[in-house]
Amino acid sequence: MTVFEGNLTTGNAKYGIVVARFNEFINAKLLAGALDALKRHGVQEEQIDIAWVPGAFEIPLIAQKMASSDKYDAIICLGTVIRGSTSHYDFVCSEVSKGIAHVSLNSNIPVMFGVLTTENIEQAIERSGTKAGNKGFEVAVGAIEMVDLMAKMS
């Protein structure tokens with residue numbers, strides 16, 4: 001029996017990060033967490049590119065653009081969608097998650113889902129570096145592991 005498992009080894013892997021500007025006060029913390037994780041695991045600044053997009057809905061398009069460039073070993077998608085009083089939240093969350101999954105499956109590279117989908121601002125704050133940790137950090141660690149796993153399986 002063969003068991004494949006990714007390790008937290010980075011080598012020369014290149015990472016693209018797509019960050020939504022809407023809810024920037026939360027997303028900047030997610031980005032800081034992602035950058036912290038990558039750097040702690042030996043990724044150099046020249047191995048990281050960051051693209052800012054207007055909102056979460058635009059994340060999949062730029063993730064696809066990055067993935068199709070063949071420059072990146074993984075794409076990290078960061079954003080925050082907070083429930084409001086209309087159904088807009090449900091549509092945005094659904095389309096962003098589908099779009100990110102679509103990019104990953106069609107590009108054959110890890111496209112990591114670091115988009116917070118919360119009921120309120122307090123939950124978003126908790127998940128961007130306080131009580132519930134920093135999801136940006138967690139997603140970046142997952143990206144490192146997935147890059148290594150993909151390399152082992154090729």
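Glycine too: its Cβ is placed from the backbone N, Cα and C atoms.
As recorded in Swiss-Prot, the features of this protein are as follows:
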- Phe22, Ala56, Phe57, Glu58, Thr80, Val81, Ile82, Phe113: 5-amino-6-(D-ribitylamino)uracil binding site (BINDING)
- Ser85, Thr86, Arg127: (2S)-2-hydroxy-3-oxobutyl phosphate binding site (BINDING)
- His88: active site, proton donor (ACT_SITE)
Just the number: how many Å between the Cα atoms of Ala56 (5-amino-6-(D-ribitylamino)uracil binding site) and the residue listed as 'active site, proton donor'?
12
Cβ atoms near Phe22 (5-amino-6-(D-ribitylamino)uracil binding site) (within 10 Å, other residues, all chains):
17
Given the recorded positions Thr86, His88, Arg127, state which is nearest to Thr80 (5-amino-6-(D-ribitylamino)uracil binding site) when distance is taken between Cα atoms.
Arg127
So the record assigns Phe22, Ala56, Phe57, Glu58, Thr80, Val81, Ile82, Phe113 to 5-amino-6-(D-ribitylamino)uracil. If I measure every Cα pair among those residues, what is the longest distance in angstrom, as a whole number?
17
Across the record's (2S)-2-hydroxy-3-oxobutyl phosphate-binding residues Ser85, Thr86, Arg127, the largest CA-CA distance in angstrom?
23
Which of Ala56, Val81, Ile82 has the fewest nearby Cβ atoms, counting only those within 10 Å, among these binding-site residues?
Ile82
Report, in whole Å, the straight Cα-to-Cα distance of Thr86 ((2S)-2-hydroxy-3-oxobutyl phosphate binding site) from Phe57 (5-amino-6-(D-ribitylamino)uracil binding site).
16
Tell me which of the recorded positions Ser85, Thr86, His88, Arg127 ends up closest to Phe22 (5-amino-6-(D-ribitylamino)uracil binding site) in space, Cα to Cα.
His88
